[in-house]
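Beneath this line is the structure, given in C-alpha cells, with notes to follow.
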Amino acid sequence: MLWYEIAFLVVYACLTVALITMKALNMGNRKRGVVKTITAVSFAVAGLLGCIKTGGGNFVIACIGLFFAAIGDVLLIFMDDRRWFVGGVLSFSMASLVLSVFSVVQYGFVWWSVIVFAVFAVANVLCQKFNVYSFGRNVVYLNIYTVLVAVCGSLGLTLIFQGTAQLPTFLFGMGCFMYYVSDIFLGLYLFKFRNRIVDAINSLLYFPGMVLIAFSMIV
C-alpha cells in the first residue's frame with residue numbers, strides 16, 4: 001500500500017471518528033451534515049481511484065455502487081423532508097443492487113447465500129408482523145430497499161468465508177456485510193429507539209464498510 005493511500009485511511013478514520021462523536025454527543029445537524037458529506041465523497045473518490053488503478057472493467061460497477069451510496073448519504077441529511085428521505089432510500093436501493101451485481105459478476109455466486117438471504121428476509125417480515133418496528137407510510141419503499149440490502153449483505157457474508165485466501169474478495173465481502181448490519185442499526189434508530197448511540201453504531205459500521213469496498217479495488 002502506498003503512502004498516500006495510508007494517509008487517506010488515516011484522514012478517513014479521523015472523519016469517521018469525528019462523525020460518530022458528533023452523533024454520540026448530539027451535536028448540530030449542520031456540522032454533522034458537513035462531516036458526513038466529506039466522508040461520503042471520500043469513499044466514493046477512493047472507489048473511483050481504485051477503479052482507475054485496476055484499469056476499470058468490472059470494477060466500474062462497484063464504483064457506480066459507491067457513488068449511489070454517497071448520493072444517498074447526502075440526501076438523507078435532509079430526511080426530515082419526506083421527498084429527500086425517499087430519494088435517499090431509492091439511491092441506497094440502487095447502491096445495494098449495483099454492488100450485488102458486481103459481487104456476482106466479479107466473484108461468482110455461492111448457492112448458500114440464498115439461505116442467508118432467506119433468514120434475513122424472514123427476520124424482517126417477523127419483526128414487522130410482531131411490531132418490533134414499523135415502516136409506516138414508507139412501507140413499500142423501505143421493504144424494497146430491505147430486500148436489496150439483504151441480498152447485498154448475504155452475498156457479502158458468503159464472500160467473507162469464500163475469500164479468506166484472497167484479500168480483495170474478503171474486503172469486499174466484509175464491506176458489504178458491514179453495510180447491511182449498519183442498515184439494521186439505522187432502521188432501529190429511525191423506527192424504534194431514536195437513541196443517538198444506536199445512530200453512532202450505524203456510522204461505526206457503515207463508513208468503514210464503504211471504504212473496505214473501495215479498498216478492495218486498491219489492494
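Every residue gets a Cβ built from N, Cα and C, even glycine.
Here TrEMBL flags 6-26 (among others) as transmembrane segment.
Counting same-chain residues at least six beyond the ends of the transmembrane segment (33-52), those with a Cβ under 8 angstroms from any Cβ of the stretch are 8, 11-12, 15-16, 18-19, 22, 59-60, 62-63, 66-67, 69-70, 73-74, 77, 207, 210-211, 213-218. Marked as transmembrane segment by TrEMBL: 33-52 (among others).
Per TrEMBL, the feature transmembrane segment maps to 58-78 (among others).
Sequence annotations record features per position, and here TrEMBL assigns transmembrane segment to 85-103 (among others).
Marked as transmembrane segment by TrEMBL: 109-127 (among others). Counting only same-chain residues 6+ beyond the ends of the transmembrane segment (109-127), those with a CB under 8 A from a CB of the stretch are 133, 143, 146-147, 150-151, 153-155, 157-159, 162, 180.
Annotation comment: TrEMBL describes 139-161 (among others) as transmembrane segment. Sequence-distant contacts of the transmembrane segment (139-161), counting only residues of its own chain at least 6 positions beyond either end whose CB sits under 8 Å from a CB of the stretch, comprise 86, 89-90, 92-93, 96-97, 99-100, 103-104, 107, 110, 112-114, 116-117, 120-121, 124, 169-170, 172-181, 183, 187.
Here TrEMBL flags 167-190 (among others) as transmembrane segment. Within the chain carrying the transmembrane segment (167-190), a Cβ under 8 angstroms from the stretch's Cβ atoms is held by residues 62, 69, 96, 99, 103, 106-107, 120, 133, 142, 146, 149-150, 152-160, 198-199, 201-206, 208-217, 219, all 6 or more beyond its ends.
The transmembrane segment annotation in TrEMBL covers 197-218 (among others). Sequence-distant contacts of the transmembrane segment (197-218) (same chain, at least 6 residues past either end, Cβ-Cβ under 8 Å): 1, 5, 9, 12, 15-16, 19-20, 23-24, 39-40, 42-44, 46-47, 49-51, 53-54, 59, 62-63, 65-66, 69, 99, 167-169, 171-172, 174-179, 181-183, 185-186, 188-189.
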